[in-house]
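The structure under discussion appears below in the form of structure tokens.
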Amino acid sequence: MVMTSVSGHLLNYAFHPSFRNWTSCNPVELFDAPIEQVCMEESKNIKKTLEREIRSCDGLIIWTDCDREGENIGFEIIEVCKDVKPNIRIFRAKFSEITGPSIFRALNSLEQPNKNVSDAVDIRKELDLRTGAAFTRLQTLRLQKVFPGKLADKLISYGSCQFPTLGFVVDRYLSIENFIPETFWKIKMNHKVKDLTTEFLWGRDRLFDKNSCEAILDICKESNVAKVDSVDSKPKSKWRPLPLDTVEMEKNISRKLKINAKNAMKIAEKLYTQGYISYPRTETNIYPKELNLVNLVEHQTNDTNWGPFAQRILNEGGPTPRVGKKSDQAHPPIHPIKHAPGLTGQEKAVYEYIVRHFLASVHKDAQGYETVVIVDIADEKFTAKGLIILEKNYLDVYIYEKWLGKEINNYEVGDTFTPSTLDLAEGNTSPPKLLTEAELIALMDKHGIGTDATHAEHIDTIKTREYVGLHENTYFVPGTLGMGLVEGYNNIGLQVSLAKPVLRAEFEKDLKLICEGLKDPEIVKREQIERYKAVFQTVMDKILEIDNSLANRLDDRPVPIQNEALTPQDSSRPVMKCPKCGGNMIFKNRKNGVGKYLSCSRYPECKNSGWPSTIIDGVEVLDEHCQNCGPATKKVKMKFRQNPFVGGPNPTILCIGGCDMNVLETLEIALSTVKRSNEEVTSTHANNYRIHENRPSINVNRNVQNSQRINGNRTPRTLPNVMPVTNRNNSMNNFRNANPVNVHGSGNSADNIFCQCDNPADLRTTANGPNKGRKYYKCANSVCNFFLWAPNSSSTPSTSTSSSNNANTTVQCKCNQPAKELTVMKNNHNHGRKFYSCSKPQPGKCDFFKWADEVNENQPTDDNGPWGGGGGGGVSNNWSRSREIGKSKKNNTNHRTKPYQNNKPKVKRKCGICGEEGHTRTRCPNS
């Protein structure tokens with residue numbers, strides 16, 4: 001058997017990388033943002049160890065702590081190991097102490113892990129992540145701007161357990177702050193016999209009307225004789241403590257040893273790992289029948305302080321524990337395992353408390369005899385109580401409690417006497433005291449805030465955030481920040497304030513039902529997320545209430561800001577759905593800080609991305625959707641460093657969903673990035689238009705749409721929102737170099753060709769440009785982006801002439817394809833100058849380059865005809881001159897590298913993963 005260990009959770013929930021930056025999205029989006037389980041950096045070596053060791057094993061036994069967190073950690077281990085060995089057998093060992101007998105008992109009774117318990121922890125972790133991140137970002141990002149003088153460097157965190165815990169402290173403080181004392185009066189009476197004075201308490205206790213109290217006192221003084229009505233004597237017991245659970249241990253150690261709960265738990269866990277005590281995180285206060293209490297008591301008989309009392313327990317019949325009512329069905333109550341004589345300091349104090357509590361809980365109650373005397377004066381009743389301690393029993397070892405006797409005079413029924421004192425006493429009501437840590441833990445336990453294992457953490461968090469402080473190192477006092485936050489949330493008018501325990505308590509109840517298999521985890525998660533999201537929306541709408549409350553408590557004037565200030569600068573609200581995987585496409589900042597890029601929110605699983613022109617300075621995703629593209633595609637407001645839409649506003653509102661190809665062309669966004677092609681829809685490289693069953697079948701490669709490229713430096717558009725136009729020139733070149741169109745049947749009639757709208761396509765003819773006279777199919781209603789060159793249709797080439805102003809002059813690149821005309825955008829001496837370049841996209845694009853003003857010179861374009869029949873490609877006679885011009889423009893950023901070096905073609909780049917051309921390994925779709 002191979003043994004190894006882990007250190008807490010191996011995996012933890014985290015938002016997708018695109019949502020982890022605090023300015024990556026509006027905080028409300030975190031309620032629906034994708035999350036993933038990631039291995040934390042400090043746990044990666046542990047994970048590698050598990051993966052290595054499991055390869056040589058036939059089974060896996062989980063020995064993690066037998067509570068919720070331990071069960072969840074166990075399933076994380078299972079997940080890691082099953083990734084390496086899917087069919088490995090899984091077992092669960094249940095134990096509560098690190099002793100030989102306990103270990104062997106667990107091995108002989110192996111069970112299966114409890115998925116329900118682990119699911120409850122997963123739901124809790126996810127909800128805590130979503131709510132904590134959303135509210136923390138909202139509070140921090142906003143309040144740092146509203147109160148820059150006092151909160152600029154503060155992390156203003158939120159937690160669904162933190163805030164109710166803070167709420168308890170604030171409520172107690174407010175009850176003291178708002179307390180109005182009242183004066184009361186009562187009748188004080190005593191009877192002194194020799195040296196013993198017996199105090200009697202008035203049956204009415206006190207009155208808030210002085211005149212009434214004085215009138216009753218006058219009547220009593222007129223009688224001035226007290227008659228004994230009853231004398232009731234009976235045995236009285238002081239109960240020994242219940243077996244020790246975590247909450248009781250935290251409260252008592254805090255109250256009696258003055259050690260805070262967090263340190264108490266750390267010490268207890270250390271004692272547990274050293275084998276001195278049982279597992280310290282338990283809700284059970286019932287000793288199980290199989291626990292050998294006699295053996296545990298015997299281990300303590302050698303101690304010089306409590307050893308004699310342990311022996312006394314054995315001599316007087318053995319342990320007789322008191323039985324509680326709680327059991328978590330996982331761990332027994334906290335108890336000592338063995339004697340630990342070498343401890344010092346706080347470790348010794350905590351261990352001593354656990355031992356004394358254990359011995360007290362298995363001994364006898366303290367016994368006494370109580371006498372209650374009731375006397376009558378003018379029909380007013382007065383009571384005196386006396387107590388005689390007969391047997392201290394457990395109190396002999398449990399030094400943390402006292403039970404004092406009270407001696408009174410002897411009275412018999414019917415006795416009469418004259419009171420020694422019969423006067424009016426005045427007093428004032430007093431406010432409650434500030435909360436101690438023990439009282440705060442009791443409130444958290446009562447209202448279901450956190451668990452026995454997390455109470456100390458939540459208390460420590462609100463102290464670390466300076467939401468609360470300690471008065472006299474004992475009493476909790478809220479800080480000005482904590483007061484302002486709680487008052488603000490209370491003033492918002494929520495049905496259930498976030499500072500109240502109701503929401504979290506209901507969630508904890510649901511988690512218990514999940515553990516018991518009585519509730520579906522997914523239903524609980526969905527309900528809770530929607531509930532907190534609705535609260536978040538309300539808080540956003542009334543956020544000024546928090547501003548005002550904090551302004552009052554911080555004594556500072558808030559800086560007015562709008563909620564829009566929370567919208568991230570890189571505006572990663574979803575723009576549209578990813579055409580590849582259905583995720584969200586979002587804008588993000590480039591690493592160098594210049595420009596934006598489009599990325600799928602499911603990266604790295606989905607590598608769809610688009611890299612628009614760097615002239616984009618800012619992007620804001622609007623709530624308005626595009627009428628042409630549908631509700632999932634939002635319009636964007638773009639601000640440009642240099643507006644490519646000459647004459648249009650800057651910023652301008654537009655759609656990048658593919659309904660307007662001019663926009664995509666101008667911004668240099670590939671259509672495939674934002675819109676799914678039909679080839680991807682059918683996954684069979686089918687045609688990108690509809691063919692009915694009884695019509696001819698046509699197989700066409702994708703990207704056969706065509707449009708003239710519109711650049712901000714060429715024939716610019718005045719407004720972006722125009723009717724859709726066809727795709728770019730290089731798509732036509734892709735079509736030419738693709739597999740030929742196979743047409744079966746007539747194929748030339750428009751009646752046989754259907755666009756994406758499922759309507760007959762319109763047959764049209766190109767009116768100008770290099771494809772003048774060539775026929776193509778287009779959507780008759782200009783609704784969809786359907787485009788298809790008509791088979792067997794060719795353009796009417798224009799004849800090159802020596803005229804420099806011939807509009808039909810065609811320039812061809814080395815690929816024997818019409819070159820595209822572009823304009824220099826750089827601010828240099830060539831700014832605005834036009835040039836020709838290969839129209840193909842990268843890769844496959846040749847390095848042809850030609851200034852447009854040189855083409856218009858009075859010389860032939862191509863010796864071999866207008867279509868460049870020569871082996872050198874288009875404008876072959878001028879190529880050498882173009883190269884020379886290129887050499888002379890070395891400092892020009894538009895200089896093109898020569899396509900051939902040493903008469904050898906340039907090697908095309910291939911992906912380092914799949915070996916295919918067209919992309920690099922960082923964007924490989926097959927990785």
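Just so it is clear, glycine is given a Cβ too, placed from its N, Cα and C backbone atoms.
All annotation found in TrEMBL is predicted automatically rather than curated by experts.
When the ranges 222-241, 322-341, 682-701, 802-821 are checked against TrEMBL, the one recorded as region 'Disordered' is 322-341.
Counting residue by residue with DSSP, the domain 'Toprim' (1-96) contains 39 helix, 18 strand, 39 coil. Residue counts for the region 'Disordered' (322-341) under DSSP, split into helix (H, G, I), strand (E, B) and coil, are 0 helix, 2 strand, 18 coil. Note on the domain 'CCHC-type' (909-926): its mean pLDDT in the predicted model is 68.
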